[in-house]
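S.K.: Pasting a structure below so you can have a look.
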Amino acid sequence: MISLTDTQKIGMGLTGFGVFFLFFGMILFFDKALLAIGNVLFVAGLAFVIGLERTFRFFFQRHKVKATGFFLGGVFVVLIGWPLIGMIFEIYGFFLLFRGFFPVVVGFIRRVPVLGSLLNLPGIRSFVDKVGESNNMV
């Protein structure tokens, strides 16, 4: 089992609550207060889990400037009160930022008994194969 420090445990909790508030905010027709809270908790939790310096290094790498701009710009747009437009920017930036992790995530989910069989359904399989293929070396 992986050993986590207390700071990392707090970060996991903040990230989990952030994802919950983002999901709940989208279910409730893009409620701007819930989305704003979710954004702040998610970014703060990420900083707690991997550390502040590594978070800055991750977001501000030269080849991720466009992705970071869209993601943080989307967070800002949500915070000023345009949740739908902000979430579109944010989701696009999220996919650009974390696209290197998608093959690993898809490979892991395919090994989970119930979810793996769901990913092999005809309509879903082609989409998952596209998402799960690695275009570049990470």
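Glycine is no exception: its Cβ is also placed from the backbone N, Cα and C atoms.
According to Swiss-Prot, the protein carries these features:
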type     : residues : note
TOPO_DOM : 1-9      : topological domain 'Cytoplasmic'
MOD_RES  : Met1     : N-acetylmethionine
TRANSMEM : 10-30    : transmembrane segment
TRANSMEM : 33-53    : transmembrane segment
TOPO_DOM : 54-68    : topological domain 'Cytoplasmic'
TRANSMEM : 91-109   : transmembrane segment
TOPO_DOM : 110-138  : topological domain 'Cytoplasmic'
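Situate these features within the shown structure.
M.R.: Applying DSSP to the topological domain 'Cytoplasmic' (1-9) sorts its residues as follows: 4 helix, 0 strand, 5 coil.
Long-range contacts of the transmembrane segment (10-30) within the same chain, counting only residues at least 6 positions beyond its ends with a Cβ under 8 Å from a Cβ of the stretch, are 4, 37-50, 83-84, 87.
Counting residues of the topological domain 'Cytoplasmic' (54-68) by DSSP class, helix then strand then coil, yields 13 helix, 0 strand, 2 coil.
For the transmembrane segment (91-109), the residues of the chain that approach it from at least six positions outside its boundaries are 58-59, 64, 66-74, 115-116, 119, 128, 131-134, 136, 138, judged by C-beta separation under 8 angstroms.
Within its own chain, the topological domain 'Cytoplasmic' (110-138) is flanked in space by residues 100-103, which lie at least six positions past its ends and keep a Cβ under 8 Å from the stretch.
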S.K.: Taking a Cβ cut-off under 8 Å, which residues six or more beyond the ends of the topological domain 'Cytoplasmic' (1-9) line up next to it in the same chain?
M.R.: 48-49
